[in-house]
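Written below as structure tokens is the structure these notes are about.
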């Protein structure tokens, strides 16, 4: 009996010695510092799980680290590749949204959290969810393994290995809250992700602002502090979760925030053990979609709206003010309207307006009106997305957004290329035809001079013959007949100079240099830019070819029936007969409505972002410059003083401010209405550019003014290409244009 008792005591002593040695051996393993479970637990091969985790860590460090350490830059690249480096805005269709999410989680065997095809179950199954993320919370107070709520498989072994190592991350600053709220659409969003304030969940000697050095002793001390806090924390919420710590309902942790939230310095390279502490937070961000914003959620849209609203008011007011001051610029440029330099300037400005208007329509407004290039994923292959799950969307969201955006930009640029190609073809053909016509006229001119000389000689010869006949038949004619016959040649001779003078005038009209010198200044003064045509009489063939800057000053071709000096006086009388009051109301209402539409477009564009408002403002500025100059010239022609003209232009500009305010309110408070405003504005811009301005660029008579047609051609091409280039640069780099306003 005594022998049996001694054997039992020896075995008991041996077991008591073996267990501490086994725990010390497990603690020496680089990935675990505490062994709380046997090698086989609930059918899980713990050693295999640890080995597999070590393999995956080695793969990550091989790709992103150097010398068995991971730098902050490498960590940022890792976050970028898995798609959680910054906030992205996506749109998920409700028909397959829940099924896709459910299938993704079912692939990972999270059956306990997704049983009803809805993310509302996150709130109901929060206990299981938190146990999966923090499996060691009840390990000291309960003998039950919290992993039992999960499914079976290899994924569960990863949770088992993570369970033992979460205890090592004793810094209570590893706070990445995943509190979900139920929304009407059936989707969930991250409510709070914030490092808690020191003193609430942290030990008194631990602060997130000054993370301590990561050593084994400090980890042990923080472990004791964590267990102390764990004993007083709520069992349902867990020590790692905090509510109402941030006013912002969404936060995407970047590399620096993840490191500081875990009590790690951003300048210290990470080893495998330290990186192991960050893995639950990284997986948590992917699972919580904290770096994604669903456009179907109204709450998710609030932060960007608040930011863009400030930009919209400030940027829109500045843009409208600058454009409205163009009317004052007309006061300076009116004295220059009779000079050749002004013609070249207007030609360049009109071409620039065509380039910016069409470029803004094709490269910015139309792509933004579809709202697909930076707001959503592609829905062309929903079946593939459901099969691969939302994780596939997370990994490829950035590439999809950039490729889709630039795809729309290149397609718009291709459309502009087709427009520019047809402009070149028609313009070159017109120049060739005009060159041939001029050559023919130069060939016909000597022939007409020869005809005049021949007619002069014939008239002299006929007069001599008639005189000789008079002398021969003098005796046979009566006195009255002789008087009548003698008057015939004199009458013929008297009529001949009139005929010759008329022919000379006709020939001179073919190249009326002096007349044109008188007509051109009047024509430039009498035409003004507007978007409607008058019904006054049209000019003859000479005036038909004289479409000087019809795109700028084109609705007052007032009675240009012949290029004489009195036509200027007649046109001025017509303007005065219309009445100053009538013309003023026409400018205020017509230009006011036009300015209102411009302000509406600018306001809606600024609610979309700074780059969007900038591109639209540039386009409006370029086409309003010749517009305002033309309106100012017409008001002065009607007999107004400079002060009155400035006043009426200012009144019409006030409607632009009203349009801007309307566009901001619509774009900010009405969902998706700004996209329709973009589409409408694109149509207006295309009409003004292609219908009003391009035809007059093609049908100018620069050579009749002593100017080179090819000079105008190259100047117009330079203006159009410059406008295209400005809009293209804004379109490509608009996501990098950032301007913050802090009040």
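The backbone N, Cα and C atoms fix where each Cβ goes, glycine too.
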Using Swiss-Prot as the source, do residue 335 and residue 603 end up on the same side of the membrane? yes
Selected residue, Swiss-Prot feature N-linked glycosylation site, from candidates 229, 595: 229
What three-state secondary structure does DSSP assign to residue 254 (N-linked glycosylation site)? coil
Using a Cβ-Cβ cut-off under 8 angstroms and a sequence gap of six or more, which residues of the chain neighbour residue 271 (N-linked glycosylation site)? 68, 69, 70
Which of the three DSSP-derived classes (helix, strand, coil) applies to residue 67 (N-linked glycosylation site)? coil
How big is the gap, in Å, between the Cα of residue 672 (N-linked glycosylation site) and that of residue 254 (N-linked glycosylation site), rounded to a whole number? 30
Rounded mean pLDDT within the topological domain 'Cytoplasmic' (335-343) lands at 71
